[in-house]
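**Student:** Once you've had a glance at the structure underneath, I'll fire off some questions.
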Amino acid sequence: MLKEKIKSLAQELKEEVISNRRHLHANPELSYQEFETANFVKQKLEEIGIHKIESKATTGWTALIEGKNPKKKVIALRADMDALPIVEANEVSYKSQKEGVMHACGHDAHTASLLGAAKILHQVRDQFEGTIKLLFQPGEEVAPGGASFMIKDGALENPKPAGIIGQHVMPFIPAGKVGFRQGIYMASADELYLTVKGKGGHGAMPETLIDPVLIASHLIVAMQQVISRASSPKVPSVLSFGRVEALGATNVIPNEVKIQGTFRTLNEEWRATAHKKMLQLAHGLVESMGGELDFEIRKGYPFLQNDPELTARATDAAKEYLGEENVVDLDIWMAAEDFAYYSQEIDGCFYRLGTRNEAKGIVSGVHTPTFDIEEDALEIGAGLMAWLAVSELEKA
Ligand SMILES: [Zn+2]
Ligand SMILES: [Zn+2]
């Protein structure tokens with residue numbers, strides 16, 4: 001049976017997947033600079049015997065694994081390859097050898113898992129019908145997102161996949177388990193940059209000044225009403241300001257105040273409306289208080305929607321592979337992920353691979369200097385991805 005075959009291949013390959021992950025972990029590269037990583041991936045694909053490889057988005061690849069009747073249906077599997085500007089604090093044999101760069105989001109695990117899945121799928125290619133398209137993408141961590149460049153470069157064409165499946169590590173789920181969610185899952189994320197301009201001077205003479213600090217204070221409070229009053233309580237939204245810079249002194253009012261924040265939600269229509277309302281309110285308020293405002297909204301990734309049918313089929317397939325008890329439901333997650341671009345073009349399913357191991361102290365969140373994964377999870381990381389792809393080719 002194909003499932004058992006995939007399971008035993010995943011078991012055989014486990015050490016290789018771990019060693020690939022460790023190599024990538026020790027040699028991280030920042031977004032859009034994944035040159036060595038891309039070379040490593042290509043070399044591994046060629047070693048497997050996969051030769052239909054195309055360069056995409058400078059440091060990305062697509063590759064095809066053709067089964068019998070390759071035109072019947074195409075399913076895509078995606079991995080991201082970039083690391084983060086973080087100094088690794090883990091003392092492990094595979095610690096980052098590049099000071100200040102770290103695979104702290106698990107993209108090393110995603111890439112190694114997809115290489116493992118590729119090797120499995122190549123070995124069983126006479127046992128499925130259709131084609132599996134692999135996407136190794138750059139730049140997930142930095143807007144506008146490597147996925148958008150992959151799409152512009154034709155990664156979803158020739159052949160066009162019917163659906164795409166992506167996997168991401170999750171340090172809050174124990175290793176051995178995976179998580180799925182149908183429908184809305186992750187948020188859009190936009191960066192807000194505001195500069196409130198007034199007229200600075202001596203703090204003892206406010207009547208001669210336009211105080212940008214007071215205006216900015218009102219602005220921060222007033223903007224929350226867009227979230228609390230203008231948005232439907234049924235649509236999750238969050239507005240957070242994490243940086244406020246007023247470089248005056250106890251007795252000096254500065255000329256300007258800079259504010260930076262993030263706006264996230266799960267509905268594209270409301271996202272556009274909220275942008276308008278925030279701009280309108282902020283400009284009106286600042287001008288009514290005599291100041292001037294520069295307000296830039298830098299649009300980030302769209303919200304991520306998992307296609308309900310594809311995700312339901314993938315969830316069932318995961319239950320067949322891992323047992324019902326090892327497949328959990330995911331809650332909405334207000335972080336953003338550029339996989340969302342793919343899921344706006346074709347049916348998408350973005351699921352989570354549990355990588356937590358409390359006994360070993362592997363509990364840190366992604367994007368922290370102590371993030372690590374329970375590597376036993378990589379057997380599932382490779383095997384389940386391969387299984388999800390072939391089951392999806394069989395179904396529908
Ligand atoms: Zn990340
Ligand atoms: Zn990530």
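Placed from the backbone N, Cα and C atoms, the Cβ positions cover glycine too.
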**Student:** Among Glu141, Glu191, Glu392, Glu394, which residue does TrEMBL name as a further Mn(2+) binder in the site formed by Cys105, His107, His168, His367?
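**Tutor:** So, going by the record in TrEMBL, that would be Glu141.
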**Student:** Just jot down the residues in the same chain as His107 (Mn(2+) binding site), at least 6 apart in sequence, with C-beta under 8 A of its C-beta; none if empty.
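**Tutor:** Non-local contacts for His107 (Mn(2+) binding site): Ala79, Asp80, Met81, Asp82, Ala83, Glu140.
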**Student:** Please give me the CB contact count at 10 A for Cys105 (Mn(2+) binding site), counting all chains in the structure.
**Tutor:** 23
**Student:** On the 0 to 100 pLDDT scale, where does the domain 'Peptidase M20 dimerisation' (193-279) sit on average?
**Tutor:** 97
**Student:** Tell me the coarse DSSP state (helix, strand, coil) of Cys105 (Mn(2+) binding site).
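**Tutor:** SS state of Cys105 (Mn(2+) binding site) = coil.
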**Student:** How many other Cβ atoms sit within 10 Å of the Cβ of His367 (Mn(2+) binding site)?
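**Tutor:** A 10 Å sphere around the Cβ of His367 (Mn(2+) binding site) contains 13 other Cβ atoms.
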